[in-house]
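Undergrad: Grabbed the feature section from Swiss-Prot, which reads as follows:
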type	residues	note
ACT_SITE	Cys152	active site, nucleophile
BINDING	Arg12, Ile13, Asp34, Arg78, Ser120, Asn183, Asn315	NAD(+) binding site
BINDING	Ser151, Cys152, Thr153, Thr182, Arg197, Thr210, Gly211, Arg233	D-glyceraldehyde 3-phosphate binding site
SITE	His179	site 'Activates thiol group during catalysis'
Amino acid sequence: MAVKVGINGFGRIGRNVFRAALKNPDIEVVAVNDLTDANTLAHLLKYDSVHGRLDAEVSVNGNNLVVNGKEIIVKAERDPENLAWGEIGVDIVVESTGRFTKREDAAKHLEAGAKKVIISAPAKNEDITIVMGVNQDKYDPKAHHVISNASCTTNCLAPFAKVLHEQFGIVRGMMTTVHSYTNDQRILDLPHKDLRRARAAAESIIPTTTGAAKAVALVLPELKGKLNGMAMRVPTPNVSVVDLVAELEKEVTVEEVNAALKAAAEGELKGILAYSEEPLVSRDYNGSTVSSTIDALSTMVIDGKMVKVVSWYDNETGYSHRVVDLAAYIASKGL
């Protein structure tokens, strides 16, 4: 029986989680909460500038969405405590507003009747951070109720960092994510607490911070203090790429590094990590459902122990599929 899911925040990630859930028989979205009317939500769900028209019948009945004949309750509550998830049978809430990333705030969904909360972002004081393919085995249904799915960039980096560390040992590394612009930037020059993000997103390459590299330690504790990095926001609407330069414990060749990554992509990390030897560009990865695709043509090694690994990710679609996978995994372990 499908687990019943509510989505709080029907923005870029919320709607992409919904799209991903439509393809997963183990997930049933029964309600969404957003401070917008149902007609607007229906239009934005059906028509997407990045991912195209949704292959589903979408309409509105009163204040609710109707997708492929199934009615989905639409709420418009500012405070999660007032959502009464329990009354409508919601088991798991996907918290994707970006506003309730502290445990005490996200836990209000539990008070409203949900059994588990998945925060679709890095969180503070969460019960556990999980990256699928890396540390989902650490999930304890009795102890973990507010779970972070980390960031899209951590979901890209952690799987191949795991492979590199297990096979060759990572001494230290620096990561740059060349990242498409997001809603946390300004479309034209306007005030922002980060003065670089205050600048027009489509007009510049914008250096900014990311906690993604350090956050790998939350799912791979053995890498604590060994990774750091930054972001370069670029004028594309979707798809990003991680560039990791790391010092390894063992001497390697390009062929050995690629062979290890390819084996993982075809084996234990299939569906999470992919491997490509084609000369592709970012547009080719739009719609990719995996967390990370190794660009094997870009792998480099200097002096045996210094390695560069480049990996692509659809920072919307891939990440949203992992949110859905995590919800299904949590449900499979018992709520």
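Yeah, the Cβs are placed from backbone N, Cα and C, and that goes for glycine too.
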Undergrad: With H, G and I counted as helix, E and B as strand and the rest as coil, say where DSSP puts Ser120 (NAD(+) binding site).
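TA: Where Ser120 (NAD(+) binding site) sits, the three-state DSSP reduction gives coil.
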Undergrad: Would you say which of the recorded positions Ile13, Cys152 has the most Cβ atoms within 10 Å of its own Cβ?
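TA: That would be Cys152, with the highest Cβ count within 10 Å.
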Undergrad: In the three-state scheme derived from DSSP, which category covers Thr210 (D-glyceraldehyde 3-phosphate binding site)?
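TA: Reduced to three states, the DSSP call for Thr210 (D-glyceraldehyde 3-phosphate binding site) is coil.
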Undergrad: Considering only the binding-site residues Thr153, Thr182, Thr210, which fall within 10 Å of Arg12 (NAD(+) binding site) when distances are taken between Cα atoms?
TA: Thr182
Undergrad: Select the most exposed residue of Arg12, His179, Arg197, where exposure means the fewest other Cβ atoms within 10 Å, treating these as the recorded positions.
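TA: Counting other Cβ atoms within 10 Å of each of the recorded positions Arg12, His179, Arg197, the minimum falls on Arg197.
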Undergrad: Of Ser120, Ser151, Thr153, Arg233, Asn315, which binding-site residues are close to His179 (site 'Activates thiol group during catalysis'), meaning a Cα within 10 Å of its Cα?
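TA: Cα within 10 Å of His179 (site 'Activates thiol group during catalysis'): Thr153, Arg233, Asn315.
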Undergrad: Let me make sure I understand the span of the NAD(+) site: among Arg12, Ile13, Asp34, Arg78, Ser120, Asn183, Asn315, what is the greatest distance between any two Cα atoms, in Å?
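TA: In whole numbers, the farthest two Cα atoms are 27 Å apart.
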Undergrad: What Cα-Cα separation, expressed in whole Å, is found between Ile13 (NAD(+) binding site) and the residue listed as 'active site, nucleophile'?
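TA: Distance (Cα to Cα, whole Å): 10 Å.
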Undergrad: What is the one among the binding-site residues Arg78, Arg233 whose Cβ has the most other Cβ atoms less than or equal to 10 Å away?
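TA: Checking each of Arg78, Arg233, the winner is Arg233.
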Undergrad: Within a 10 Å radius around the Cβ, which one of these binding-site residues has the most neighbouring Cβ atoms: Ser120, Ser151, Thr182, Thr210, Asn315?
TA: Ser120
Undergrad: Could you give the Cα-Cα distance between Asn183 (NAD(+) binding site) and Arg197 (D-glyceraldehyde 3-phosphate binding site), in whole Å?
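TA: So the Cα of Arg197 (D-glyceraldehyde 3-phosphate binding site) lies 10 Å away from that of Asn183 (NAD(+) binding site).
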